[in-house]
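Some notes on the structure that comes next.
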Amino acid sequence: MDPVSQLASAGTFRALKEPLAFLRALELLFAIFAFATCGGYSGGLRLSVDCVNKTESNLSIDIAFAYPFRLHQVTFEVPTCEGKERQKLALVGDSSSSAEFFVTVAVFAFLYSLAATVVYIFFQNKYRENNRGPLIDFIVTVVFSFLWLVGSSAWAKGLSDVKVATDPKEVLLLMSACKQSSNKCMAVHSPVMSSLNTSVVFGFLNFILWAGNIWFVFKETGWHSSGQRYLSDPMEKHSSSYNQGGYNQDSYGSSGGYSQQASLGPSSDEFGQQPSGPTSFNNQI
């Protein structure tokens, strides 16, 4: 039997059934989808300029762009419809900072999720030996949750700028030939942004996963156990003092009530004693 089968048969991978390791495995997959759909993107659009003089027309102007979306460096040439002169233009905008930050967060999140999953599966006992491992895991999880939120929000804004800059209608406005009504300018096809839209969705899904995993990581730290002890100790003290107070009250009530009942009425000797004054008066009579 190979080592992988032995580990599986021994129940080594049972940690994946726990929420902590299961969410880490999902974070690993979602991080791959996030940086693959963004970092591996390449697209383009095609325009046509039909001049009055057909020999000056260009019906297939291809404009290609890709990650990291430094659109101001994407140049292309278009006819001016004024002889053989050509106009060199460039797209507008630069979304490289938000795109690269998003992909960087995704790559490091993938690496950490992979390492954490390996630790959960093969080194779970060492992970829980002391509070250092869960504490580091908790801090890193909180940091990555924040980075996913910031990176996904920034990339969503950057993607909207990319869509505007690569809109064929906006690009046609940059051409001097299209400002003349005698020339016909049109878009042959627009860029496909479905994979970039998917990358934004995966970015926010990663934020939800990492933020949700904060609670399960926090339960592994000493802070959670100490908090439970802090809450349980006052309850135990309150319960013991209540029982002690109830016992004293009962004993007090029984003894106090008995003594009070004994002293409440007169004694039989006092009650049966007759006054001496009237007796001597009868004797005199």
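Using the three backbone atoms N, Cα and C, a Cβ is placed for every residue, glycine included.
Summarising the annotation, TrEMBL assigns compositional bias 'Low complexity' to 244-263. Sequence annotations record features per position, and here TrEMBL assigns compositional bias 'Polar residues' to 264-285. As annotated by TrEMBL, domain 'MARVEL' applies to 15-222. The feature region 'Disordered' is assigned by TrEMBL to 240-285. According to TrEMBL, the feature transmembrane segment maps to 21-42, 101-123, 135-156, 200-218.
Sequence-distant contacts of the transmembrane segment (101-123) (same chain, at least 6 residues past either end, Cβ-Cβ under 8 Å): 12-13, 15-16, 18, 20-21, 24-25, 27-28, 31-32, 34-35, 38-39, 67-68, 133, 137, 140, 144, 147-148, 151-152, 154-155, 158, 199, 203, 206, 210. Taken together, the residues in the domain 'MARVEL' (15-222) have a mean pLDDT of 92 on the 0 to 100 scale.
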